[in-house]
Structures are given as C-alpha cells and as structure tokens.
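Here is the structure we will look at.
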C-alpha cells in the first residue's frame, strides 16, 4: 500500500509539519474572510469512532465539508468492526470506497494494522498511545500567538498519557525542551522518552517544571477506559493541579493550553480557562484548521471531468 498516513508526528519531517501548521493559519484566514475554497470536492472521508468525541468529530466533519468534500460517521456499534470482522479485512473494503479514513480508537495497533491494509490515507484521530492531530493544533496556536516554538521550554503537568507522548514527539520535531511533571509510576512511555533523549526531562515538582516555561499544558487525570482508577488518580494527582499561581512561575508571556474537555477543579483550577494566559478556545478551534491542512495534504485533489 502506497498511501501516506498520519499516525504519529514522527511520520513526517519537521519541514512538513511546519508547513502543515502554517497552512492551517492560511486556511483559517480564508475561512475568516469568507473565501470559498473547495479542493476536495466529491472526496469522502470515513470517520471510525471506537471512543466518543466532540472536538474530533466536529473538526473533521466540518473541515471536510468546508473543503468541498463529505464525511461519513462510522461507529463500532453500526459496523461489522464491532461484530468481530478482522481489521485487515475491514480496511481492504472500506479503503476501496473512501478517499481517506480517520480512526479514533483505544489500541494503537488497531491503527497500524488498518493503515497497513488501506489503499487510502489513514489519520490517527486519537489512540491510547498518541494524539498527533491535537499537537498540530497546539503548535499552530503557539505559532499564532508567540511565533516559532523552536528553542522554547514547554511544561507538561500531569499524567504521562497519549497527549504527553505526542508532546514528546513534538519536542523532537519542533525542537523545543519539554519538562514533564508527574507522580511516580505515571511517567510517559519509556520508548518515547528514549527517542527524545535530552530534549525531555521528567520531574516530580510541577513548580520546577513550570519555572520559566513559555507554554504550560495539561490534560484530564483519568482518560477514557480508566474510570475505575478515578478516586486513586484524584488523590495522587492533586498536587499537580495547574492554577494561576503556578502559571505565575512561568515566563511572563506564557501560554496555557488544555486539549479539553477540562475538569475544572481537578487538573486545573476552576478559573484557569478564563485567565488571559489561556488560549484553550483558540486551541480547540485550531483543530478544525490544522486538520483541514492535513486533509488537503493527504487527500488527492478533485476528480477530473469525464
């Protein structure tokens, strides 16, 4: 299969990733000026959801429509994927009928197996390992507000989860330093840490992580599929709540990001999203624009007239 996929930030070169977020800025400007731009007319994106979603579904579906194409929502409950059809078989059929596939799933191996058997581009809409589309939006948001992130310091506060893993990949590809503050036993995947080398430092003190940082980011303490751990995680992660006082230790021009949905009063203080340093709403909107840039990059242009 010769299709180009987007399963990880490491699938592309740094120049390609920078080009994508710059293109996201351009597409956002076109949208804001009311310019009609439909390079993907008559193209169809399939969206396979094993995990529930608000931002991922809205941004991909609206983005594909705005680019002139269409999007089809497919849940495990409504397809043979949920009844045990092998992933490889499903991929071979689905990719003959669509022009691209976005998958939001649990096991990352589901994505890699689907992509290995797909004729068309496969996009990681989220897996337990990675959330690369969110990082495109985050990097676009930083670019819009502060310019290049190269050489800057980023602090990740909380669970070493899929978002944290993607921040590690972004640190490599966009050349910034990343400090991860998490409780013992909740570090990022060692494979990602090994890949990053000296670009990533793991600490136990959130104050040490945030000191002088140009960007501070966090996520929920309990991800989907971990609900039984909620009480224990709340107790362990309580010292890692991001507050206005914690942000005061960062660079004077620091930005705060959260991929949402946020649990106010848990990983962030109740008032943090309303702080002037928070760009979470721009960050959420940029899922739309960054992913439009990705779709434009991956999906072949419109068909020629017969």
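Here the Cβ of each residue, glycine as well, is placed from N, Cα and C on the backbone.
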Given Swiss-Prot lists 219, 223, 224 for L-ornithine, the same-site residue among 162, 165, 189: 162
Given Swiss-Prot lists 53, 54, 55, 56, 80, 104, 131, 132, 133, 134, 259, 260 for carbamoyl phosphate, the same-site residue among 22, 23, 287: 287
Residues within 8 Å of the 162, 219, 223, 224 Cβ centre (excluding the L-ornithine site residues themselves): 126, 128, 131, 159, 161, 163, 220, 226
Residue among binding-site residues 162, 219, 223, 224 with Cα closest to the Cα of residue 80 (carbamoyl phosphate binding site): 224
Euclidean distance between Cα atoms of residue 287 (carbamoyl phosphate binding site) and residue 224 (L-ornithine binding site), Å: 20
DSSP three-state assignment (helix, strand or coil) for residue 287 (carbamoyl phosphate binding site): helix
Candidates 162, 219, 223 (binding-site residues) - the one closest to residue 259 (carbamoyl phosphate binding site) by CA: 219
